[in-house]
Each structure stands twice: as C-alpha cells, then as structure tokens.
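Please read the structure below before turning to the comments.
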Amino acid sequence: MALLGRLLPLALALALGPAATHAGPAKSPYQLVLQHSRLRGRQHGPNVCAVQKLIGTNKKYFTNCKQWYQRKICGKSTVISYECCPGYEKVPGEKGCPAVLPLSNLYETLGVVGSTTTQLYTDRTEKLRPEMEGPGSFTIFAPSNEAWASLPAEVLDSLVSNVNIELLNALRYHMVDRRVLTDELKHGMALTSMYQNSNIQIHHYPNGIVTVNCARLLKADHHATNGVVHLIDKVISTVTNNIQQIIEIEDTFETLRAAVAASGLNTLLEGDGQYTLLAPSNEAFEKIPAETLNRILGDPEALRDLLNNHILKSAMCAEAIVAGLSLETLEGTTLEVGCSGDMLTINGKPIISNKDVLATNGVIHFIDELLIPDSAKTLFELAAESDVSTAVDLFRQAGLGSHLSGNERLTLLAPMNSVFKDGTPRIDARTKNLLLNHMIKDQLASKYLYHGQTLDTLGGKKLRVFVYRNSLCIENSCIAAHDKRGRYGTLFTMDRMLTPPMGTVMDVLKGDNRFSMLVAAIQSAGLTETLNREGVYTVFAPTNEAFQALPLGERNKLLGNAKELANILKYHVGDEILVSGGIGALVRLKSLQGDKLEVSSKNSLVTVNKEPVAEADIMATNGVVHTINTVLRPPANKPQERGDELADSALEIFKQASAFSRATQSSVKLAPVYQRLLERMKH
C-alpha cells in the first residue's frame with residue numbers, strides 16, 4: 001500500500017506531462033479546458049486535441065469534462081473529432097501531431113489559422129501588410145472566413161468601398177501593439193487597440209470560453225515571429241456608448257427609459273463597471289396587468305428592485321453560455337440563464353430577442369418579458385406562482401383578500417394544494433378565524449426563526465416555532481418550500497393546515513371521548529396536575545380501545561397498583577414537543593418515566609416503539625398529543641415500583657369510565673383533521 005501511494009502521483013504526473021511535475025502559475029480556465037481536450041485526444045497520438053462539433057453547424061469547442069460525458073452543448077448533440085492542438089502539425093506516416101508548427105510572420109500565420117479572408121482584405125490596404133510582415137510585436141484577433149461572410153452586405157460594402165480608411169481602421173481595431181497570450185486575457189480587462197486607442201473588451205469565463213467584444217476565440221495562441229494570432233468567430237467593431245446611452249437611443253426602450261429615470265439608476269448605467277442588462281422592451285411592460293404595473297411604477301422601492309432584477313453583476317456574452325448557469329442579479333435573485341441551440345433562455349424561456357449589444361460598461365440583451373422579482377410582488381402575486389392556490393382561494397372566499405394585496409407587513413402560512421385533496425372546509429366564522437391564525441403579524445424570514453419562539457397571529461393566537469434537525473415547524477405544520485419574500489409579505493408554504501393549541505394536554509384529553517379511560521387513569525395516578533401545568537410534553541395517548549384490548553386480569557392488576565399505573569403512564573409522555581413533521585427515520589425520545597421511546601416516520605406513517613400512531617399532532621398549549629391504539633410498556637429489564645395505595649379508587653374510577661366509553665363509543669366518528677379542529681374550537 002505504501003508503494004502504491006508513492007507510485008500513483010508519479011503515474012499521474014507522467015500522464016499529464018512535464019508541466020504537471022513542476023509547480024507554477026495556476027492555469028487559466030482556457031488552458032485547463034485545452035489540457036482536458038489534450039488528455040482526451042492522447043490515444044490518437046501526441047499533441048492531439050479532442051474537439052466537439054455541434055451537429056448541423058460548423059461550431060467547434062475544445063471539450064471540458066462535463067461536455068465530454070454529456071455529448072451536448074446548449075442542449076444539442078455533438079460529435080467528437082480529433083485534430084492537432086494549437087501550435088502542432090501532422091507528419092506523414094507518423095501518429096498524431098508530433099511536429100511543432102514552423103514560425104512565420106503574422107501575415108502568413110493568418111493563412112495557417114484559416115483566416116484567409118483577413119489576408120485578402122489586408123492586401124487591399126496599402127499599409128497593413130508591411131506591418132504584419134515587418135519587425136515588431138503585435139496581437140491580431142483575426143475573424144474567421146465565416147465571420148467575414150456573415151457580415152451584412154451593406155456593412156461589408158462600406159468597408160471595401162474605402163479600403164485605406166474604413167477597412168484599414170476596422171482591421172487595426174482587431175490589433176494590439178504587443179504580444180498577448182490567453183493566460184494574460186483576464187476577465188473584464190480592456191486592451192488598447194491600434195485604432196485610435198479604442199478599447200477591446202476581454203472576458204475570460206470559468207468554463208474556458210474567452211470572448212473579445214463578445215466574439216469567441218476559436219483558435220488561440222498561434223505564435224508568429226512578430227506576434228500572436230487568435231482566431232475569433234465575429235468581425236468586431238468599436239464600442240462608444242455606455243448602457244444608459246444605448247437605452248436613450250433605442251425607441252423600443254421608451255418605458256424602460258422612464259422607469260430608469262424615476263428610479264435613479266441612470267447613474268449606475270452610465271458609470272464604470274461591467275454589467276449585463278436584460279433590457280425589457282415596451283411590449284414586455286405592456287404584457288403586465290395595468291394594476292400591477294402601476295403599483296410597481298408608483299412604489300420607488302419596488303421599482304428599484306424590478307430594475308435591479310434585470311441587471312447581472314458581470315458582463316455575460318451569449319457565446320459564453322454553453323449550458324445552464326445560475327447568475328445573481330443586483331436585486332439578489334438568481335436567474336437561470338441557459339441556451340437551446342442558438343437561442344438564449346432565461347429561467348427556461350426563450351425571451352431574448354436580440355443579444356450581445358455591446359456598451360462600454362457591459363452588454364445588453366433585449367428581452368420581451370418582464371422579470372418581476374418576488375421582492376416587488378404582493379402576497380397574492382407570490383401565491384399565484386406557488387403550489388398554494390387552493391388555500392389562497394379560501395382566504396379570498398373568507399373575505400381576507402385585502403390582507404394579501406395591501407401594504408400590511410404579514411407572513412402567510414399557506415398550506416400546499418395537496419393538503420386539500422379530500423376537500424376544503426366550509427367557509428363560516430370558525431373557518432375564518434382559523435385562516436386568520438395562518439397570518440403572522442410581521443414579515444418574517446424562516447432563517448431567523450428559532451426553537452421556542454412565539455408568533456402572534458391576526459386571529460389572536462400565539463403560535464410556537466419548533467426547530468428539528470431536518471425540518472422547521474410552526475405548531476403541527478412544517479415549512480415545505482423556500483420562503484417567498486414579497487414587497488410587504490412573506491409566503492411560507494406549509495405541509496398541512498395549522499392547528500392552534502386549544503388548551504392544555506389534560507383539556508385536550510378531557511374534550512375527546514376516545515380518551516375517557518386514559519383521563520380516569522391519569523386522575524387515579526395523580527398526574528393531572530403535571531399535564532395541566534406549563535411544560536413541553538409529547539403524549540402518546542392510548543384510546544379506550546387500547547385499554548379494552550388488555551386482558552381483564554392484566555387490566556385489573558395494572559389498575560390495582562397506582563404507582564405502577566403512574567410509571568406506565570409516564571412512559572407515554574416525552575419530555576419535549578415532537579410533532580410528526582419533526583420525526584426523522586428514528587428519534588429516541590426520553591420519557592418522564594426515564595426510559596426512551598423510539599419514534600419514527602416513514603411514508604407518512606408515524607410509529608412509537610413500532611406501534612402505529614392513529615392520529616398525530618393534536619396540539620396543546622403545553623405539548624402535543626398523538627393517538628395510539630395500544631398501551632405501551634417500559635422495557636422489561638427495568639424493575640417496576642409496586643404499591644397498592646389508591647388502588648380501590650383507581651379501579652372504581654376506571655370502571656365508571658369504561659361504562660361511559662361503552663355508552664358513547666358508538667356515536668364517536670372520526671372526521672377529517674380540520675373538521676375535528678373546528679369542533680375543538682367550540683370548547
């Protein structure tokens with residue numbers, strides 16, 4: 001094993017080549033992708049790189065690890081081919097690309113990289129070819145032949161009609177008066193071109209894509225005797241206007257222009273920086289309901305959030321997006337920016353109508369839908385995009401809609417739609433009060449909630465917060481999705497209807513005929529005061545059916561010894577509040593008797609000591625009650641205390657309760673949880 005540990009690093013170093021055995025500067029993302037392509041191509045010989053080509057196009061990419069295994073770029077299938085890595089060439093009869101390309105001057109190197117059209121236009125000028133062939137050190141970002149061919153006819157005509165001014169200036173804009181390799185091309189930097197010292201914008205993305213004024217580098221670092229050539233996929237042009245100036249020029253941004261002016265963001269958009277503006281057109285604003293749009297435009301904070309949600313923190317050129325990316329806006333929302341073929345998508349929608357409009361301080365993509373952040377929405381608007389539509393309909397039917405559309409600071413606890421699969425409660429005064437208890441009197445964020453915290457509701461109740469290892473619950477209901485924080489209200493999506501506590505544990509047990517025998521046993525064991533006082537208890541409450549299932553002799557023996565009865569009853573009471581949503585695969589809950597109860601939950605079935613819980617989460621002010629149809633016994637190896645005081649009275653009380661149970665159990669009918677809740681509210 002020790003020998004293997006020494007050999008593995010050596011084997012890896014030999015596989016990666018000499019560069020891997022020496023510490024040096026960190027490789028750029030482009031160089032790392034190129035290295036991966038070289039590793040994938042090495043089976044075909046030295047200096048062979050694997051290249052992925054989009055099927056049906058001429059677009060090629062050096063392959064990174066993710067693209068290699070997925071065989072997709074922008075959701076489209078690719079084919080793998082193998083070609084010489086930059087700077088190498090084939091030798092007849094030899095495997096791979098063993099020979100280093102001979103160096104020539106810049107002009108000749110243009111032909112080597114496949115930019116013969118650039119050579120042709122260079123020949124048409126009087127001054128440029130001698131510079132490219134003469135002494136000096138230059139960098140040329142050379143458009144590919146396809147890039148020149150894709151220029152609009154009127155643009156190309158204007159260039160070639162005046163070759164010694166327009167064409168010469170255009171070519172000089174693609175040049176820098178020093179050698180610049182890809183490891184020097186830093187994200188967000190500007191290079192000074194040889195045309196009037198105009199800036200060229202460089203972006204070097206983590207996925208290895210490098211862009212020059214949003215044109216992608218196709219073949220990089222081709223050395224020449226007097227410089228270096230990088231092949232790019234577009235003809236680039238000078239950039240003179242900032243983002244704000246472009247907004248002022250474009251007629252399609254009339255509404256955006258007014259909104260920016262009202263928000264004061266024009267200072268940001270005309271200042272220094274590198275941003276991406278997802279610029280909504282006039283039509284995008286017109287798609288929004290007038291009431292919503294007027295509300296946002298009239299609210300300075302909501303308006304600023306709206307506009308900031310259209311600004312990314314860095315310049316993102318379209319060519320840099322080859323798969324889905326999560327990008328944060330200035331507002332703080334994360335947008336999913338992706339691509340499908342040649343189309344860019346925002347949150348999965350192809351809403352970008354024009355891309356890569358360059359500005360001196362970033363790039364603009366035109367969009368035809370407005371991106372309204374949660375922070376600019378009402379609770380109603382938040383709920384419309386969430387899985388809580390049934391609950392929101394209940395609030396509206398109960399006449400509580402104004403709370404969800406106004407400027408009241410609230411947190412809405414909205415049960416998800418699946419809670420109501422068996423139907424919804426009838427709207428009456430009690431239901432309305434129940435719904436009011438799903439509204440907290442403050443705008444909260446779940447990340448600030450803590451165990452034992454109490455929350456005041458519009459219905460006048462105090463709700464408790466329970467924090468468990470894998471869940472966060474408010475009374476019996478647990479948060480089922482991330483918060484949605486709106487302009488004034490926050491939406492919590494809950495996994496069930498919330499049950500406010502209606503009394504102590506003893507009040508709950510006394511108010512339910514199913515527990516008459518248990519109540520009698522508690523009274524005879526002297527535990528009434530315990531379950532009435534302030535505390536945090538979880539009670540696994542045996543029903544009358546559970547007691548009646550005990551053999552008569554065992555039942556009489558149990559009831560004939562008050563101390564043993566108290567010991568067993570204490571074993572049914574945990575010393576903390578554990579609602580069903582807080583139960584994981586297994587929770588060991590310490591009982592008041594001293595031993596631990598094993599509580600688990602699987603597929604919505606809660607068990608205690610492997611016995612099923614018939615009904616969970618009956619909330620009390622000092623705990624929670626879970627109904628069980630069995631009597632639990634402490635572990636047999638723990639000696640039970642014995643005694644016979646109060647035995648006669650205990651047995652008598654129990655007999656009376658048993659008789660009462662037989663008389664009433666036929667009339668007890670299990671109802672849906674929310675109906676039972678409404679019944680408890682009568683007491």
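Every residue, even glycine, has its Cβ placed from backbone N, Cα and C.
Predicted, not measured: the structure shown is a model, and the values here were computed from it.
Residues or ranges marked as signal peptide by Swiss-Prot: 1-23.
CYS85 (disulfide bond) counts 20 other C-beta atoms within 10 Å of its own C-beta, drawing on all protein chains shown. According to DSSP, CYS85 (disulfide bond) sits in a coil region rather than a helix or strand. As annotated by Swiss-Prot, disulfide bond applies to CYS49-CYS85 (among others).
In the three-state DSSP scheme, CYS65 (S-cysteinyl cysteine) is classed as helix. Spatially close to CYS65 (S-cysteinyl cysteine) yet at least six residues away along the chain are HIS36, judged by Cβ distances under 8 angstroms. As annotated by Swiss-Prot, S-cysteinyl cysteine applies to CYS65.
Swiss-Prot lists CYS74-CYS339 (among others) with the feature disulfide bond. CYS74 (disulfide bond) falls within neither a helix nor a strand when secondary structure is assigned with DSSP, and so counts as coil.
DSSP gives CYS97 (disulfide bond) a coil state; it is part of no helix or strand. CYS97 (disulfide bond) is surrounded by 23 other CB atoms, counting those within 10 A of its CB over all protein chains shown. Summarising the annotation, Swiss-Prot assigns disulfide bond to CYS84-CYS97 (among others).
Within its own chain, CYS214 (disulfide bond) has GLN201, HIS203, LYS234, CYS317, ALA318, GLU319, ASP356, LEU358, VAL363 as residues 6 or more apart in sequence whose C-beta sits under 8 angstroms from its own. Look at Swiss-Prot and you will find CYS214-CYS317 (among others) tagged as disulfide bond.
According to Swiss-Prot, the feature domain 'FAS1 3' maps to 375-498, an assignment based on sequence analysis. For the domain 'FAS1 3' (375-498), the model's average pLDDT works out to 95.
With a 10 A radius on its CB, CYS473 (disulfide bond) counts 26 other CB atoms from all the protein chains. Marked as disulfide bond by Swiss-Prot: CYS473-CYS478 (among others).
What Swiss-Prot lists as domain 'FAS1 4' is 502-632, and the listing cites sequence analysis.
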>> At a 10 Å cut-off from the C-beta of CYS74 (disulfide bond), count the other C-beta atoms across all protein chains.
In response: 19
>> Here's one to test understanding: among the disulfide-bonded residues CYS49, CYS74, CYS85, CYS97, whose C-alpha is closest in space to the C-alpha of CYS478 (disulfide bond)?
In response: CYS74
> If you measure from the Cα of CYS84 (disulfide bond), which of the disulfide-bonded residues CYS49, CYS74, CYS339, CYS473 is the nearest?
Replying inline: CYS49
> Taking the Cα atoms as reference points, how far is CYS74 (disulfide bond) from CYS473 (disulfide bond) in Å?
Replying inline: 41
>> With Cβ-Cβ distance below 8 Å and at least 6 positions apart along the chain, what are the contacts of CYS49 (disulfide bond)? List them in sequence order.
In response: LEU34, SER37, ARG38, ARG40, GLY41, PHE62, TYR82, GLU83, CYS84, CYS85, PRO86
> Roughly how many angstrom lie between the C-alpha atoms of CYS339 (disulfide bond) and CYS473 (disulfide bond)?
Replying inline: 39
